[in-house]
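Visitor: Under the heading signal peptide, TrEMBL lists 1-29. TrEMBL lists 30-134 with the feature domain 'Phytocyanin'. Annotation source TrEMBL lists transmembrane segment at 183-203.
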């Protein structure tokens, strides 16, 4: 017995709905390789802002995934809060993966932060921030912690520390310890020695 028109229409609707769900899950959701073709590591000196630029250019959606590629045992990835990202604090991450093929699912809208727990890597630029939109494509307003983190992330890795400059007379004069500056004390001593030498030269016994 053939199904009636109403039953056939219901089957078509059900099949169409299932097909749409499969398309949404399989085609719309994407896995993004963080940094493009670059492995997850400290950025090279020639491109210290590689993750900053990638985070700004990547178009992610709710339901997408981020994939971090790196040699297993040589690095890791942690998801941290905005406050922790601003200070490079990695002692209490939200999530940590270290398998070399780490995948993080973007399951909630808002800004997300990732970095490495290896000493110094965060401050050398190995950190990433992404803004995940809501299901309808709108973005949540940043919190105060987000704004502070964005300022910190925008700073490039610090250059090598300059060599210590020799003290100037002005800096010595600013000493408020109450003692005479070393240069002043040396000048007084030199003047005293010069006066004694001059006295010996001009002194004649009667």
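Any Cβ shown, glycine's included, is placed from N, Cα and C.
TrEMBL entries are annotated by machine, without manual review.
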Visitor: With helix taken as DSSP H, G or I, strand as E or B and everything else coil, how many residues of the domain 'Phytocyanin' (30-134) land in each class?
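Guide: With helix first, then strand, then coil, the domain 'Phytocyanin' (30-134) has 14 helix, 32 strand, 59 coil.
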Visitor: Taking only the residues in the domain 'Phytocyanin' (30-134), give me the average pLDDT of this model.
Guide: 95
